[in-house]
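Colleague: Just passing along the structure, written as structure tokens.
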Amino acid sequence: MKITNIEVFPLTLPMKQNFSISGGKVGDQSQGAPHVYVKITDDRGVEGWGEARPSHRWSYETLESVTTTINHYLKPALTGESATDLNRIHQKMNREIAAGLNKGMPIAKAAVDMALHDLIAKNNGTHLPGLWMGTYKDSIRLSYLISTNDPEQAHKKAQYAKENGFLAVDVKIGLNPKQDVRVLEAVKQAAPNLYFRVDANQAYDLTQAVRLSREMERIGVDVFEQPLKANNLHGHAELRRKTVIPIALDESIWTAGDLIQAIRMEACDMAVIKVTKMGGLREAKLCGEIAKEAGLGLLGGGLTESSLGLTASAHLFNYLDIQIPVDLNGPFFLDDDPVADGLQVEQGTVRLSGLNGIGCTISDDNLQKYLMKS
Ligand SMILES: [Mg+2]
């Protein structure tokens with residue numbers, strides 16, 4: 001099973017609505033959403049598909065840099081390699097694009113890793129859970145994303161979540177810190193019984209985060225995600241000592257090494273697992289397993305991937321037995337994507353197909369339709 005070709009498709013997918021986090025707009029309806037699909041073919045003619053969803057307000061990778069990294073660096077390094085030797089594949093990718101403070105270009109590498117998992121599972125006549133010798137589950141629950149600094153809007157959205165079968169809300173704060181408490185109160189009032197995840201995307205300093213956590217204790221928040229800068233493990237550990245609200249880390253944990261540092265520093269109660277952030281299914285699975293063994297809770301998330309990345313993530317989260325509804329929010333923002341067949345989203349539940357590999361069929365017509373115009 002040798003890699004004979006790697007093809008890269010930079011896409012602009014149509015969006016239903018804008019998406020903002022504390023760092024700014026990460027999805028703009030007028031410009032469309034940047035996604036990169038990758039097709040890897042082996043010497044038997046089997047095809048594997050993977051996806052990257054770069055977001056330059058969230059990390060430094062862009063649609064352009066993911067595309068050129070795979071085309072000019074990863075493709076020449078990997079062509080002719082055995083598709084099944086993922087250890088060697090990742091060693092070669094990491095030698096080709098060296099680390100900065102962290103793994104270099106993890107989102108680009110994740111698309112390659114995902115495509116190889118798809119390829120290997122198809123060659124073995126099984127789905128992703130079969131590849132991991134885990135149980136196949138045909139669905140996963142989603143949380144409902146609320147990203148607004150208007151308390152009235154937040155109230156309406158939380159009410160929608162409650163009335164439409166969602167079991168959890170994921171609320172973005174730090175968009176306008178003055179409104180945070182009012183937004184949180186509005187959500188709690190509208191949906192008091194839903195799991196309440198609050199994500200600050202690094203918006204605060206320690207003093208602000210301690211103050212806000214006191215308000216969260218009063219309001220009844222279930223988890224406070226990434227309040228401080230990614231590299232501030234000491235501050236997160238300090239915050240944990242000052243509040244009973246569980247602290248989750250997302251942007252601080254890109255690799256298993258980061259996770260182990262966070263565990264040593266006692267900097268979090270929960271870890272956010274994301275396939276693309278962690279450089280693919282292999283490292284994300286490792287992080288999930290380490291976090292579980294260390295007694296941390298797990299949250300599942302994504303970077304608004306389309307159906308392909310969502311399905312790959314869903315299989316991993318099911319394998320890791322993540323019980324809290326996950327933040328795979330692509331379907332709330334995307335109007336269409338290149339997946340022709342593979343999953344159905346019904347409000348708070350995604351139904352997965354039993355197809356081999358990741359489980360998605362890709363439409364060539366849609367790939368061409370959404371190919372970025374250069
Ligand atoms: Mg997050």
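Heads up, the Cβ atoms here are built off N, Cα and C, so glycines get one too.
Feature table excerpt (TrEMBL):
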- 151-246: domain 'Mandelate racemase/muconate lactonizing enzyme C-terminal' (DOMAIN)
- Lys172: active site, proton acceptor (ACT_SITE)
- Asp199, Glu225, Asp250: Mg(2+) binding site (BINDING)
- Lys274: active site, proton acceptor (ACT_SITE)
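Context for these features, please: burial, neighbours, distances.
Modeller: For the domain 'Mandelate racemase/muconate lactonizing enzyme C-terminal' (151-246), the number of residues in each DSSP class (helix H, G, I; strand E, B; coil) is 51 helix, 13 strand, 32 coil.
In the three-state DSSP classification, Asp250 (Mg(2+) binding site) falls within coil.
Residue environment of Lys274 (active site, proton acceptor) contains 28 other Cβ atoms, counted within 10 Å of its Cβ in all protein chains.
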Colleague: Can you check which residue among the binding-site residues Asp199, Asp250 has the largest number of Cβ atoms within 10 Å of its own?
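Modeller: Going through Asp199, Asp250 one by one, the largest Cβ count within 10 Å is at Asp199.
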Colleague: Would you kindly give the Cα-Cα distance separating Lys274 (active site, proton acceptor) and Asp250 (Mg(2+) binding site), rounded to the nearest Å?
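Modeller: That comes out at 8 Å between the alpha carbons.
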Colleague: Specify all same-chain residues, apart from the site residues Asp199, Glu225, Asp250, whose Cβ lies within 8 angstroms of the center of the Cβ atoms of the Mg(2+) site, ordered by sequence.
Modeller: Arg197, Val198, Ala200, Asn201, Gln226, Ala248, Leu249, Glu251, Val272, Leu299, Gly301
Colleague: Rounded to a whole number, how many Å is the Cα of Lys172 (active site, proton acceptor) away from the Cα of Asp199 (Mg(2+) binding site)?
Modeller: 5
Colleague: Would you mind sorting out which recorded positions among Lys172, Asp199, Lys274 put a C-beta under 6 angstroms from ligand 1?
Modeller: Asp199
